[in-house]
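Report on the structure given below.
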């Protein structure tokens with residue numbers, strides 16, 4: 001272990017500069033050292049020996065340092081991780097990519113499998129460093145006043161301190177007997193305060209970790225703590241705020257007036273005032289010197305008669321942040337931001353972020369109109385609060401983001417998340433980023449060796465993306481209603497989409513004109529698809545119906561019979577259609593006449609997927625009842641009932657030779673069955689549980705066999721390729737996000753396309 005820590009040090013001291021460069025520019029060294037001691041010390045060495053390394057190749061040093069800063073937290077934490085595959089995801093002008101590709105080409109001759117991320121140039125990392133400090137959720141992270149250090153705390157009951165530049169751990173303290181909810185540096189950086197669910201607040205020496213003092217007067221959990229020049233403020237579920245004199249170690253004042261839990265408190269930049277937020281729906285402002293309440297602002301009043309809210313709305317005010325001049329304060333509640341004038345209590349501006357997530361934290365960028373907002377849906381949004389415009393969406397976290405805090409000069413901000421990581425972002429880089437996010441309902445065309453993806457941007461407009469370059473052509477302006485699904489005709493002449501109000505539209509791709517529009521359903525459209533000639537558009541809906549619409553003649557048929565939402569459908573030969581639903585049934589329809597030809601009650605619970613065999617003689621169903629079944633189109637009874645899954649069976653697929661059926665479930669388990677006998681042949685585990693108890697892989701959402709049936713690719717938390725005969729994992733591709741909803745695979749099996757929960761598109765091609 002000594003040599004892993006000090007080999008570079010001794011090489012530098014012995015003037016072995018060539019050997020040092022060879023070591024530091026080696027993927028093998030990065031993999032071995034980070035798995036043993038973590039990435040922070042190696043990042044430190046790139047900084048410490050930068051002059052020596054830059055004499056050899058400054059670009060290579062920057063490439064390796066950036067690669068490690070952004071990916072080091074994955075090494076040693078993720079199962080199946082191949083550093084060569086990770087290196088292939090780097091920019092093509094990177095020395096890391098060059099080495100990885102050379103290694104991959106050498107390994108291909110030995111039967112290894114590697115994939116290239118074809119459209120990776122369209123994705124830019126905005127974060128500067130990722131650190132995996134805790135074994136559980138990270139609730140708070142903040143900079144020291146000189147922004148050289150970062151303090152973090154979380155559900156694992158610890159307080160930790162890191163170097164901002166490298167992520168090197170400087171301090172770890174078992175701080176409390178329960179989850180630590182907040183931490184804060186003092187104004188001179190000498191002290192660190194923590195507060196916890198154990199009802200205690202503590203002050204620590206920020207360099208040594210020595211306990212300076214402990215405060216135990218709160219009677220319920222303490223939610224937040226914040227320093228001014230000479231005071232520490234804490235707020236609690238006991239409805240009180242307390243001001244502590246840290247030097248003399250006593251409670252100077254108790255502020256009471258809130259009628260509910262106090263969720264947040266913050267001193268103004270000029271130290272004259274304290275703001276507090278509460279579950280009682282109010283924001284209160286206090287005079288710090290006198291400890292008197294100055295004014296109360298009822299945030300609930302801002303919601304009354306607003307969109308989607310009534311007069312009886314209950315509002316939990318989550319957090320607040322002061323402007324640099326202490327004249328305005330931004331307040332977060334539910335999914336809204338409010339900018340309030342401190343003197344007049346007047347509402348200056350408000351922003352509705354989303355109907356689908358809640359604000360966890362907000363922070364004003366110093367000397368700026370910019371506010372960063374941490375959200376429950378894995379992202380951070382950057383807003384100009386005066387113009388009420390979203391500037392950027394910061395993607396990368398894979399779970400709830402609990403906090404976001406700017407450095408004192410505003411050049412960086414740090415975020416913390418349930419995914420056990422903190423991320424440091426460069427503010428200027430984020431400002432220049434795109435805010436277009438893709439919805440995971442996509443359609444993919446593999447035509448003439450080209451990949452084209454029809455995708456929904458920000459739920460409001462349609463775009464056609466070139467899979468090789470990532471270039472997007474917008475087919476629609478922003479729509480008033482959210483787009484739910486989309487599809488392309490086989491010849492790429494037409495595109496169609498369905499929205500949340502049941503409207504379906506057909507567009508001409510070449511000139512982006514709307515050819516036809518129709519209100520086809522009473523509720524949101526789940527899925528749409530053109531027939532092979534492009535003349536008919538079929539759509540299914542939450543209203544339990546299927547519409548067959550010849551959009552050129554404007555004739556249509558409504559297929560009614562399902563009792564719950566129609567999950568999906570599959571076009572068969574001879575104008576037949578197979579549909580399945582949450583009502584547990586599968587139905588076969590004649591789409592020319594609308595006749596229901598077969599009505600099968602297949603499962604006791606929702607049917608989640610169906611697959612049709614290549615010869616179209618049999619089909620399979622999977623269900624929330626934890627079973628899969630194989631059926632003949634000629635027989636109303638199941639040929640085989642496939643039992644053994646321990647959770648919802650999410651997806652299924654047949655091999656092209658009609659010999660095998662693969663099924664995947666919500667525990668990450670994949671089973672391969674004999675079609676002829678119904679016997680289990682193979683069992684793969686896509687999900688692995690780590691030491692902290694969280695599962696990697698999750699649901700299996702997509703499965704595809706190679707044409708020869710020898711390789712199976714699966715999607716879920718990541719993408720995996722399997723050797724069907726041996727059950728061996730051939731390769732794992734980790735996406736930036738997780739929860740891959742669908743996987744589109746080319747007929748030759750060489751290319752696959754998917755979207756993660758962050759809206760990032762992946763076009764992957766197997767190396768040859």
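Think of each number as a place in line: the chain as shown, counted from 1.
Yeah, the Cβs are placed from backbone N, Cα and C, and that goes for glycine too.
Annotated features, as they stand in TrEMBL:
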- 1-107: domain 'APAF-1 helical' (DOMAIN)
- 131-172: repeat 'WD' (REPEAT)
- 173-214: repeat 'WD' (REPEAT)
- 215-254: repeat 'WD' (REPEAT)
- 255-296: repeat 'WD' (REPEAT)
- 352-393: repeat 'WD' (REPEAT)
- 394-426: repeat 'WD' (REPEAT)
- 518-559: repeat 'WD' (REPEAT)
- 559-599: repeat 'WD' (REPEAT)
- 600-641: repeat 'WD' (REPEAT)
- 642-683: repeat 'WD' (REPEAT)
(message) Counting a contact as 3 or more Cβ pairs under 8 Å, with residues at least 6 apart in sequence, do the repeat 'WD' (394-426) and the repeat 'WD' (131-172) touch?
(response) yes
Secondary structure split (DSSP) over the domain 'APAF-1 helical' (1-107) reads 80 helix, 0 strand, 27 coil
Other same-chain positions with a Cβ less than 8 Å from the repeat 'WD' (642-683) and lying at least 6 residues past its termini are 608-615, 618, 620-624, 626-630, 695, 697-705, 707-709, 712, 714, 716-717, 722, 724, 727
Across the repeat 'WD' (352-393), the model's average pLDDT, rounded to a whole number, is 89
